[in-house]
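Participant: Please read through the structure below; I'll follow up with questions.
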Amino acid sequence: MARSVPLLWVPLLWVLLPGLAALEPLSVGLAIGVASALTGYLSHPRFYCNYVECCPRAGQRLNASALKAQLDNRLFGQHLAKDVVLKAVLGFSNNPSPKKPLMLSLHGWAGTGKNFLSQILAEQVHPAGLRSKFVHLFLATLHFPHHDQVKLYKEQLQNWIRGNVSACPSSVFIFDEMDKMHPGVIDAIKPFLDYYEEVDGVSYRKAIFIFLSNAGGDLINKAALDFWASGKRREDIQLKDLEPLLSVGVFNNKNSGLWHSSIIDRNLIDYFVPFLPLEQRHVKMCVRAEMAARGYAVDEKIVQEVADEMTYFPKEERIFSDKGCKTVQAKLDIHEDVVMGDTKARG
Amino acid sequence: MKLRRGTLRAALALVLLPLLTPAGAVEPISVGLAIAGAAASALTGFISYPRLYCYFRECCLHRHDPRAAGALQGNLDNRLFGQHLVSKVVVKAVRGFLNNTNAKKPLALSLHGWTGTGKNFVSKIVAESIYKKGLQSKYVHQFVATLHFPHAHSINLYKDQLQSWIRGNVSVCPRSLFIFDEMDKMHAGLIDSIKPFLDYYELLDGVSYRQAIFIFLSNAGAEKITEVALDFWRNGRTREDIQLTDIQNALSVSVFNNKNSGFWHSTLIDRNLIDYFIPFLPLEYKHVKMCVRVEIESRGYAVDEDIVSRIADEMTYFPREERIYSDKGCKTVDAKLDYYYDF
């Protein structure tokens, strides 16, 4: 057995020997040098990150003007939310060493733009937006559906957050449907949100947590109605008018998901961002934007028709849209024939 | 001993290897095999080319057939009777959705109405116009509440299974069609479990649901619709005068508050995730006669007006005094036909 092995090696060497003669030191040295230079160049972050998504480095700042432009052009009727979010996010991003992760709690009626805003935000931090592997979206009804498995969800959530923040410190976590989430689940991430420098060797200070919920929406609507009834302009509503009543309302609301949660108790939420209900003029802006996005010419008659088809509350005054800007696309499809006819006539 | 012989043979082969000159490699059998192999791979490549492959087997559509909408309109006009609202809305909704390359959410249609008025029929026609094989397509999924989700105590299991099923199928083919029948018999919490898929999300766990279509069929709200239709009739207005807006708002609220609707206090209506509530009006005497005529023709017999009237007269109508609308719509018409045409 031991003898057959050298027997095999000899003819093998004899076959390869002619090839070995081609090994010329200079050309081989050059080839190895070029290969290593190429590898080094390719793995350099600035080149590499053009093709594969990388975690933003510590020094990268948010582009303030880009964020402001996006918010101005795409989000309608939320002057409060725009203000607060712009200041909060820029302040956080420009701070070289924040003391705790940024926590925004977005509250408001359905269709007012909460998911939309969090999407715009995520896109500024990570260019790929919601598709980025550093942006994580959790839905209470989808990811934490069963109330009897809260313990399992807690553990999994903690591991997930820990793992992802250690991979990329500036991760973004979006929790949607907070009003449907079991109150205990959110307490599980409280340690990550506090003023710690490091927890088990991982620093969470550069992460961003966004909570979306409908809780408090009725309170905001009431406040907006009061403003309207007293004749004041919508743009005069200040954050200080809403924030305290919002925080208490959400804290005491059994369905809010933050119910008696230690997150509010400890004042860990940095900003409560209220979303006001949308008026008819904002609905028209949505319709115009949708028509422009589809490439049709904007026809004011159709815009008015679609806006009229939406339902408004309160019943008599009919000021605020029931569904915000939702179902606008669907209604546009019904009127599409007229639109298509128009565009065809114009050639 | 054997081992030594084997290694000797291998060594011999290796030694002889360098003696092979290039000319020696042109050997008829190996060249023939090489050519056959090349031809086989070329053929495989040709066959797997999508445009050819999809001729014989069913593929997932990434760009829909523009003739689909036209076929849908034609089918609805010829085969669906007495539902002027339905044909208008369904065609526009489906066509607009299919044409929209940048849909923000999946299409969710809710078909409500009296029994026998054509709800299943319309969903069948929609499926046939989008998918070649219609309801038999592997991308069309039909759920019947009483059949697939019968037991109230297993609701957690049903929720998990339904979510996995939808997630799995939409990741395979984004343009999938899901039909939920007997919504009024479905447990209220079950539909909440698919709410995330109907919402305005770009991606959920890496899967985009924005191209899927969900159709919900139910009898809920039928009384409200009949009320509206009767009002119109009593005021002497024609059936075709009934507009969508007359019914839609009344319908949405009544369905939301109806304990049996399956949507009862559901987040679907709460969040306005249903794109269109489509009402099916109860069928009148003349529509029943149209159904009978179509059935007779489809069996290949000559249409005898006398028999058509007799069959239509046999159906029961409501309200008791006026006797305008058929109780069962067009159902049991073909059974009655067998009685008259005994061959």
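Keep in mind that glycine also has a Cβ here, set from the backbone N, Cα and C atoms.
Remember, TrEMBL labels are computer predictions, not curated facts.
Pulled these features from TrEMBL for this protein:
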BINDING   B:G113, B:W114, B:T115, B:G116, B:T117, B:G118, B:K119, B:N120  ATP binding site
DOMAIN    B:283-340  domain 'Torsin-1A C-terminal'
SIGNAL    B:1-25  signal peptide
Participant: Check each residue in the chain of B:N120 (ATP binding site) that is at least six apart in sequence and keep those whose C-beta is under 8 Å from its C-beta; list them in sequence order.
Facilitator: B:D181, B:L217
Participant: Give the mean pLDDT for the domain 'Torsin-1A C-terminal' (B:283-340) on the 0 to 100 scale.
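Facilitator: Its mean pLDDT is 87.
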Participant: Over the span of the domain 'Torsin-1A C-terminal' (B:283-340), count residues by DSSP class, listing helix, strand and coil in order.
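Facilitator: Per-class counts: 32 helix, 5 strand, 21 coil.
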Participant: At 10 angstroms around each C-beta, which of the binding-site residues B:T115, B:T117 has the fewest other C-beta atoms nearby?
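Facilitator: Selected from the binding-site residues B:T115, B:T117 on minimum Cβ neighbours within 10 Å: B:T115.
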Participant: If I restrict to non-local contacts, at least six residues apart, and a C-beta distance under 8 angstroms, what lies near B:K119 (ATP binding site) in its own chain?
Facilitator: B:L111, B:H112, B:G113, B:L217, B:F280
Participant: When DSSP is mapped onto helix/strand/coil, what comes out for B:G113 (ATP binding site)?
Facilitator: strand
Participant: If you count CB neighbours within 10 Å, which one among the binding-site residues B:G113, B:G116, B:G118 has the smallest count?
Facilitator: B:G116
Participant: For the ATP site (B:G113, B:W114, B:T115, B:G116, B:T117, B:G118, B:K119, B:N120), what does the 8 A shell look like? I mean other same-chain residues with CB within 8 A of the CB centroid.
Facilitator: B:F121, B:N219, B:F280, B:G329
Participant: Near B:W114 (ATP binding site), how many other Cβ atoms are within 10 Å of its Cβ?
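Facilitator: The answer is 25.
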Participant: Per DSSP, B:N120 (ATP binding site) is which: helix, strand or coil?
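Facilitator: In the DSSP reduction, B:N120 (ATP binding site) maps to helix.
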